[in-house]
Amino acid sequence: MNALHSTIRHSAVFDHPEMGEHENVVFVKDRDTGLSAIIAIHDTTLGPALGGCRVWPYGNPSDALTDALRLSRGMTYKNALAGLDLGGGKAVIIADPRKDKTAAMMEAFGRHVDRLSGTYITAEDVGVSPQDMEAVARQTKHVRGTRATGLGDPSPYTALGVFEGIRASVRHVFGNGDLEGRTVSVQGLGHVGFDVARRLHEAGARLIVSDIHLPAVLRAVEEFGALAVDPAEAHMVEADIFVPCALGAGLNARTVPQIRARIVAGAANNQLQTPADGAALKKRGILYAPDYAINAGGVISIALATPGGNDAHVREKTVAIGDTLAVIFERASAEETTPERVADAMAEERLEKSGKT
Ligand code: NAD
C-alpha cells in the first residue's frame, strides 16, 4: 500500500461524498520522482475516459480526491454533451507546478497512465504545459493535446468556446451578442483566461482582471488597458459579465450574494460548489453558463484533431458551443429550471440512448 493511500482513511475513500458511479479510482505513488497522483475513471459508456491532468499543491490528499472525483464526473457530462464518443476521467498530481514538477515526474505519470491500457486518456489541465504532455507521451500513447496527436495545446480552443459562450449568454440576456462597451471581470489569467481576455478586448469589452500570479495581471493591464483588482474581489465588481477562469467552487453561499454581474460565463471547471448555488444564481436573476458546456472547446480539439491538424473542423465544432448554450438557455427558461440542470439532462439523454445513465 502506498503512503498516499494510507493517509486517506478507508471509509473516507469509499464513503466519499463525491464518490458516485466511478468505475475505477487509482492511487499512484512514485518514490524516485516524488509523484503522488490520483486517476479517476468515472464512466466509459460512450468510449475511453478522456480528461486532463491537473498539477496542484492540494493541502491534503482528501482534497485531491474530491477534485479528481468531481472533475472526472464532469468530463463524462462534458464529453456526452459535446457529442463526443468518449467517457469521463481525470487525473490530479499533488505538487506545486511552479516548484515541484519535473519531466521525470511527468514521465512516471505517463507510465501509470499506460498501465490503464487505454481506458483513460490524459491531456493538459491546470498546471500542465504542452512540454509536460510531451514527457507523458514518451511513456504512453494514451495522451492527447500534443503536437504529434493533433493541434497541440487545447487552451486556445477552450478560450474560443468560452468567448462564443459569452456572446450567446449576452445575446440571451441583452438581446444581442455585441460586446462593445460591456464590462467583463476575468478571474484567472492562465492559458485560457488570458486568451479569453484578449478576445474580449478585441471585441471592444472593458476588462477588469485578477490573478494570484502578478506577472499575468501586469501583462493584461499593459496589453489590454485592463483594470486590475484583488482576485478575492473579482466576483464583486460592477460588471456585466463575470468570467471565472481560475479554479472551481468559486460560486458558493458566500460569493453568489455578492455577485453584481448579470452573467457568469467562464472556463473554470466545477464552478458551482453545490447545486443550491446554481438555484441561488437563478433566484438572483443571474444567467449561468454551465461550466462543462461552455469550456468544451479544449476537449473537442483534443478528441477531433488528427495528426497534422484539422483546425477548421475543430473551430466549427467549438464555435457551435454558442448554439448549444442558446438551446440550454431557452430550455431552462421554458422549463423554469436552471441551465446546469438542462445541460445535465441533455448529457444524460445521450448516455441513456447509449444504454446507461
Ligand atoms: P492555468 O493554470 O493556465 O491558469 C489558471 C490561472 O488561475 C493561473 O494563472 C493561476 O495563477 C490563476 N489562479 C489560481 N487561483 C486563483 C485565484 N484564487 N484567483 C485568481 N486567479 C487564480 O489553467 P487554464 O488551463 O487556464 O485553466 C483555467 C480553468 O479552466 C481551470 O479551472 C481548468 O480546469 C479550466 N479548463 C481548462 C481547459 C484548457 O483547455 N486548459 C479546458 C477546460 C477547462
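Just so you know, glycine gets a Cβ as well, placed from its N, Cα and C.
DSSP classifies Lys90 (active site, proton donor/acceptor) as strand under the three-state reduction. What TrEMBL records for Lys90 is active site, proton donor/acceptor.
Annotation for Val192 (NAD(+) binding site): spatial neighbours Ser155, Thr158, Ala159, Val162, Cys245, Ala267, Asn295, Gly298, criterion Cβ-Cβ under 8 Å with sequence separation of six or more. Positions annotated as NAD(+) binding site by TrEMBL: Gly188, Leu189, Gly190, His191, Val192, Gly193.
Within its own chain, Gly188 (NAD(+) binding site) has Ser210, Asp211, Pro231, Pro244, Cys245, Ala246, Leu247, Gly266, Ala267, Ala268 as residues 6 or more apart in sequence whose C-beta sits under 8 angstroms from its own. Between His191 (NAD(+) binding site) and Lys90 (active site, proton donor/acceptor), the C-alpha separation comes to 19 Å.
Close to ligand 1, meaning a Cβ under 6 Å from one of its atoms, are these of the recorded positions Lys90, Gly188, Val192: Gly188, Val192. Around Gly190 (NAD(+) binding site), the same-chain residues six or more apart in sequence whose CB sits under 8 Å from its CB are Val126, Asp211, His213, Ala216, Cys245, Ala246, listed in sequence order. Within 8 A of the CB centroid of the NAD(+) site residues Gly188, Leu189, Gly190, His191, Val192, Gly193, the other residues of that chain are Ser155, Phe194, Asp195, Val196, Asp211, Ala216, Cys245, Ala246, Ala267. Counting in whole angstrom, Leu189 (NAD(+) binding site) lies 22 from Lys90 (active site, proton donor/acceptor) by their C-alpha atoms.
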